[in-house]
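Peer 1: Feature table excerpt (TrEMBL):
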DOMAIN    2-44  domain 'Meiosis-specific protein Spo11'
DOMAIN    109-170  domain 'Spo11/DNA topoisomerase VI subunit A N-terminal'
ACT_SITE  138  active site, O-(5'-phospho-DNA)-tyrosine intermediate
DOMAIN    240-380  domain 'Topoisomerase 6 subunit A/Spo11 TOPRIM'
């Protein structure tokens with residue numbers, strides 16, 4: 001989607017208003033069909049019943065003197081992905097699967113770990129308590145080996161049960177930050193103002209909700225909440241949302257008083273590859289307010305991929321694309337063509353490594369690049 005043609009006299013906010021009008025017009029033409037393959041929020045009783053059915057299948061298989069196995073959708077193959085420009089990367093309905101066998105030396109440990117984490121999830125849901133992925137890892141760090149093993153199994157279980165992680169009563173600690181013209185109330189009643197300029201303010205007393213922050217309450221940005229689903233009373237008059245790839249750039253913009261100079265606006269960073277909570281927050285802000293969303297990323301393969309994750313999602317989380325992607329995201333910069341246009345000295349650029357080149361080759365083959373000539377040109381222009 002391109003900006004509407006504007007004369008040189010048009011102000012920045014006039015361009016934004018017209019861009020937003022074009023976004024709303026596109027939305028009014030109809031919503032995408034509900035995903036055939038995806039997650040849905042489930043009640044505690046539904047999650048418990050699903051886990052009980054899985055365990056019953058294991059017991060029944062053992063009773064037949066057979067080795068039980070888990071059948072899990074393959075989340076690491078592009079063959080299982082379809083691209084829809086209104087949703088992003090989605091898992092196909094009839095995807096290839098992986099069999100985690102209990103009698104195979106290669107997969108027996110993973111089978112046992114899935115059972116263990118299913119048991120932990122069952123107890124969490126049954127007792128209506130929550131745990132972070134880190135909490136689960138530290139229940140037996142020697143057994144799990146590393147955090148990524150736990151993360152991957154939790155995502156496999158979420159995909160297997162077709163429910164979002166929140167329904168499993170598993171949270172993750174947010175690494176993202178947010179600042180700008182936004183206020184909201186957290187699930188526990190904490191009222192948060194992400195006021196830009198000098199500070200953001202967390203208010204725990206009703207009378208201080210609308211008042212100015214004290215010196216003790218001032219800080220540069222608010223951490224993205226760990227329970228995005230529980231946020232309520234979100235209020236903003238922001239004209240746009242800017243997603244910044246790197247924390248250093250985000251902090252520099254805060255130091256330069258960007259939020260006040262471009263007020264009203266909201267600024268978010270996922271500090272590199274965004275975590276689930278940061279993506280959920282960006283999605284929630286888009287769904288509620290439909291304001292233009294822009295990304296500011298490095299003009300390299302990794303920056304481009306991060307922008308694509310916000311816009312179209314990732315292969316590994318394609319089963320939950322409808323909860324995470326914002327296809328309306330615009331690539332503000334830094335464009336690879338800007339390097340030449342802005343006369344950036346060659347000696348200030350970092351050469352691509354072999355790994356960077358492999359990432360670039362992968363991006364060029366992805367469906368959301370092959371169908372957009374402008375993107376393909378930009379991705380190829382300066383590398």
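Each residue, glycine too, has its Cβ placed from N, Cα and C.
No curator has checked TrEMBL annotations; they are predicted automatically.
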Peer 1: Would you report the average pLDDT that the model assigns to the domain 'Topoisomerase 6 subunit A/Spo11 TOPRIM' (240-380)?
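Peer 2: A mean pLDDT of 89 is what the model gives the domain 'Topoisomerase 6 subunit A/Spo11 TOPRIM' (240-380).
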Peer 1: Summarise the domain 'Spo11/DNA topoisomerase VI subunit A N-terminal' (109-170) as counts of helix, strand and coil residues per DSSP.
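Peer 2: Tallied per class, the domain 'Spo11/DNA topoisomerase VI subunit A N-terminal' (109-170) gives 49 helix, 3 strand, 10 coil.
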Peer 1: Tally every other Cβ atom lying within 10 Å of the Cβ atom of residue 138 (active site, O-(5'-phospho-DNA)-tyrosine intermediate).
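Peer 2: Residue 138 (active site, O-(5'-phospho-DNA)-tyrosine intermediate) is surrounded by 13 other Cβ atoms within 10 Å.
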